[in-house]
């Protein structure tokens, strides 16, 4: 069969292909939480030899332990303790990285009740030692994620000791939007390179 220029064969596009073409890349579309997406991002950085950043284990308080056997101990009652520092830490190009991650379904502000005084103190201590410290803030309803330097968070917290929510306008003015992707899903190192180190990790 000869296909003349005035009558080209049109390739059929299935509804699924149309959906995949126009759908925004978002970890939520894969049924992932914000935390899981960050963990996957860190695993990507580690596998590629880019950075070594891990989630800190949540501390627990053991209340009751049973000993069914002399050589075995079984925890039967425990509860999570309030974290004294931040969620993640590690190293990238010789720089100490330390950050917290928060998510909200609100559209106009990030609740400051999500941050505790000892976490703010920890971030200030990291900055004093010249570490790179920040928070990743995800607005689930808006599908927007921001990198906010720790100094901007600390400055806002000190206004009224964290009793009011942080407006999205403040975050946009003092932070940087993280464009979500596939590999990695939450490419926050892009912000560190572009805004603070002036290079490119690729």
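Quick reminder: no glycine exception, Cβ is built from N, Cα and C everywhere.
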Given that Swiss-Prot annotates 85, 87, 100 as binding Mg(2+), state which candidate in 106, 119 belongs to that site as well.
119
Of 87, 100 (the binding-site residues), the residue whose Cβ has the fewest other Cβ atoms within 10 Å:
87
Pairwise CA distance, residue 85 (Mg(2+) binding site) versus residue 102 (site 'Transition state stabilizer'), rounded so that it is a whole Å:
14
Could you tell me which of these recorded positions, 85, 102, 119, has the fewest other Cβ atoms within 10 Å of its Cβ?
85
